[in-house]
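Marked as region 'Disordered' by Swiss-Prot: 1-48. Annotation comment: Swiss-Prot describes 22-35 as compositional bias 'Low complexity'. Swiss-Prot lists W115, Y141, T142, Y143, D194 with the feature substrate binding site, giving similarity to another entry as the kind of evidence. Feature annotation from Swiss-Prot assigns domain 'Fe2OG dioxygenase' to 172-278; the stated evidence is sequence analysis. Annotation comment: Swiss-Prot describes L177 as (4R)-5-oxoleucine. Under the heading (4R)-5-hydroxyleucine, Swiss-Prot lists L177, citing similarity to another entry as support. Per Swiss-Prot, 2-oxoglutarate binding site is recorded for N179, F180, Y181, R269, V270, N271, L272, T273, F274, R275. Positions annotated as Fe cation binding site by Swiss-Prot, on the basis of sequence analysis: H191, D193, H257.
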Amino acid sequence: MGDKRQRARVQGAWATPTKSQSAARPATPARSRPSQTPGPSWRSKEQQQCDRRFVFKEPQLVVRAAPEPRVIDREGVYEISLSPTGVSRVCLYPGFVDLKEADWILERLCQDVPWKQRMGIREDITYPQPRLTAWYGELPYTYSRVTMEPNPHWLPVLWTLKSRIEENTGHTFNSLLCNFYRDEKDSVDWHSDDEPSLGSCPVIASLSFGATRTFEMRKKPPPEENGDYTYVERVKIPLDHGTLLIMEGATQADWQHRVPKEYHSRERRVNLTFRTVYPDPRGAPGDTSAELPLR
């Protein structure tokens, strides 16, 4: 009897549940089961990923501005640059010749100097230079493929001016290039007085008479600029009646200068540029200039 009950219990364990048992524990459909909700820390990570935005930005270009020109209009000695070539220096002396004497000298120069309009050569093209010139010196002088023949016949007024400049500056000169700017249309283009016959670091004394014209300078660009003068240093110097300007040191090696055309009417102007020419450039001395005040 006991064995029958035990077998019935074992068989009942594998039997299909009764209706009452099925109703007591209804099966839960899979779709109605609650889903797992992420915790606060994981939700914040998802939010950070959703907030990320990748915005493309155009590459920014480096803007280079050309420097403002430096204006020199007062008496003094100015070091305008320092390079491996040396110090570039200009000395400005307004009123070196007083107005009354300067008026008389201007008249003498306009009348007595043998002015001539010479032909220049640029890129194998010949053109009339936009100014009149004259040369004084024992030796010829060649610049911009134009040769000035020797002319030892100095006018007394020119010799007197040369001696006065030498006495007051301590420099000596043996030659003179004269330029006559007839009006605002006459000019001289960018150049350096760096001909081999002038030696290294030549000293140029420029004495002006007549209408005021602006003397402009620009520094020669470094090799990496490939000859582009856009961003170089610049200097402007107004040269008045009777003003003396000295350029010395490495100025001709490191800088260019010009007298540009003017947009407004200008009267006549004569510029005398004293210099030293050597028969053999190999024997020319180097830079011996110093900051010599006007005596």
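From the backbone N, Cα and C atoms, a Cβ is placed for every residue, glycine too.
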Y181 (2-oxoglutarate binding site) and T142 (substrate binding site), distance between Cα atoms, whole Å:
20
Would you mind sorting out which of H191, D193, V270, L272 (the binding-site residues) have a C-alpha within 10 A of the one on Y141 (substrate binding site)?
none
Roughly how many Å lie between the Cα atoms of N179 (2-oxoglutarate binding site) and H191 (Fe cation binding site), rounded to a whole value?
15
Let's see if you can do this one: DSSP helix, strand and coil counts over the domain 'Fe2OG dioxygenase' (172-278), in that order.
10 helix, 49 strand, 48 coil
Measuring CA to CA, name the entry from the binding-site residues Y181, D193, H257 that ends up nearest W115 (substrate binding site).
Y181
Using all protein chains in view, find how many other C-beta atoms are within 10 Å of the C-beta of V270 (2-oxoglutarate binding site).
22
Taking Cα atoms as reference points, which of the recorded positions L177, Y181, D194, V270 is nearest to H257 (Fe cation binding site)?
D194
Nearest recorded site to L272 (2-oxoglutarate binding site) by CA-CA distance, among recorded positions Y143, L177, H191, D193, D194:
L177
Measure from the Cβ of N179 (2-oxoglutarate binding site) and count the other Cβ atoms within 10 Å, all protein chains considered.
21
Candidate nearest the residue listed as '(4R)-5-oxoleucine' in space, where candidates are the binding-site residues Y143, D193, D194, V270, F274 and distance is Cα-Cα:
F274
When you put Y143 (substrate binding site) at the centre and draw a 10 Å sphere around its Cα, which of the binding-site residues Y181, D193, V270, F274 have their Cα inside it?
D193
Listed binding-site residues (W115, Y141, Y143, Y181), ranked by Cβ neighbours within 10 Å, top entry:
Y181
